[in-house]
Amino acid sequence: MKTYYEKDANVELLKGKTVAVIGYGSQGHAQAQNLRDSGVEVVVGVRPGKSFEVAKTDGFEVMSVSEAVRTAQVVQMLLPDEQQAHVYKAGVEENLREGQMLLFSHGFNIHFGQINPPSYVDVAMVAPKSPGHLVRRVFQEGNGVPALVAVHQDATGTALHVALAYAKGVGCTRAGVIETTFQEETETDLFGEQTVLCGGVTALVKAGFETLTEGGYRPEIAYFECLHELKLIVDLMYEGGLTNMRHSISDTAEFGDYVTGSRIVTDETKKEMKRVLTEIQQGEFAKKWILENQAGRPTYNAMKKAEQNHQLEKVGAELREMMSWIDAPKELVKK
């Protein structure tokens, strides 16, 4: 595994160039501000609206996507996956010039062929492994978050060097930048989200909550045991792995972990995980998600509404009112 650090990257490669950050959401605002603080010339390309005004207030030169691409030598696409192909076709593609670099922080659209850049531009990825607010905060503290770097197309012969310069400008080489491929990043990212981080965890939490409430236990107690305390466990794992978590919990809990975990996540569960991975590798999930967006998201919206109306969510909202230390969002926004 090749990992790059500060000594391996030269942010001076970006000096005299302009970086266009397309999109000004979680990653967009963080990467743009970190680059600017590293002495890089940055413009923001977004359509008129809330993000346009926020970027302007933050002191950036804000312009249309088309103008930003024409202005820049490096173009970083930081829009949601489902928006990128449309924006690329509408404002990026016709304005690309020989020798430019097209950057991504997730490989979905390149790997699954939704964006097909011309052969005369570099195509690379710099993917910080943290949400935008943490990318920014840790940078301001003088540190950085780890990231992945990949080169899909090296038209100039300098794609990796420029990508590493970008990673250094964002602060990621302070922690370490691991070399990967668009395929590996995309497929593992989707797999992790679907089977563990999002799909797996939410299904497990709901199943535990429902088992307790169906067994006659109060929903408030079920919420505490199956959702609320999950943060305590995940934080311990995040800080020091499974061993640290098991060292920190009671011996009773640890023994229960050993003798019960494999009864819940069974060999059949792992077989299903492998089937999910195959679907991702063969592009079945990508096709399903692309078609879902083209159809106006009927399944997505119906499932989202059903999940929001689950008893777990209603009980949780009431209990969180008791927790003064939680800064509950007044408005739900994508991070």
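Just so you know, glycine gets a Cβ as well, placed from its N, Cα and C.
Lifted from Swiss-Prot, the feature list:
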- 1-180: domain 'KARI N-terminal Rossmann' (DOMAIN)
- Tyr24, Gly25, Ser26, Gln27, Arg47, Ser51, Asp81, Glu82, Gln83, Gln84, Gly132: NADP(+) binding site (BINDING)
- His106: active site (ACT_SITE)
- Asp189, Glu193: Mg(2+) 1 binding site (BINDING)
- Asp189, Glu225, Glu229: Mg(2+) 2 binding site (BINDING)
- Ser250: substrate binding site (BINDING)
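The Cβ of Arg47 (NADP(+) binding site) lies under 8 Å from the Cβ of Ser64, Val65, each on the same chain and at least six residues away in sequence.
Note: the CA-CA distance between Tyr24 (NADP(+) binding site) and the residue listed as 'substrate binding site' rounds to 44 Å. Each residue contributes its Cα atom, and for His106 (active site) and Gly132 (NADP(+) binding site) those atoms are 14 Å apart. Rounded to a whole number, the C-alpha distance linking Glu225 (Mg(2+) 2 binding site) with Ser250 (substrate binding site) is 15 angstrom.
Gln83 (NADP(+) binding site) sits 36 Å from Glu229 (Mg(2+) 2 binding site), taking the C-alpha atoms as the reference points. When Cβ atoms from all protein chains are considered, those within 10 Å of the residue listed as 'active site' total 21, not counting its own. A separation of roughly 18 Å, to the nearest angstrom, links the Cα atoms of Ser26 (NADP(+) binding site) and Asp189 (Mg(2+) 1 binding site). The shortest Cα-Cα distance from Asp189 (Mg(2+) 1 binding site) to any of the binding-site residues (Asp81, Gly132, Glu229, Ser250) is found for Asp81.
On the backbone, the CA of Asp81 (NADP(+) binding site) and the CA of Glu193 (Mg(2+) 1 binding site) stand 14 Å apart. Considering other CB atoms within 10 Å as the measure, the emptiest surroundings among the binding-site residues Ser26, Gln83, Ser250 are those of Ser250.
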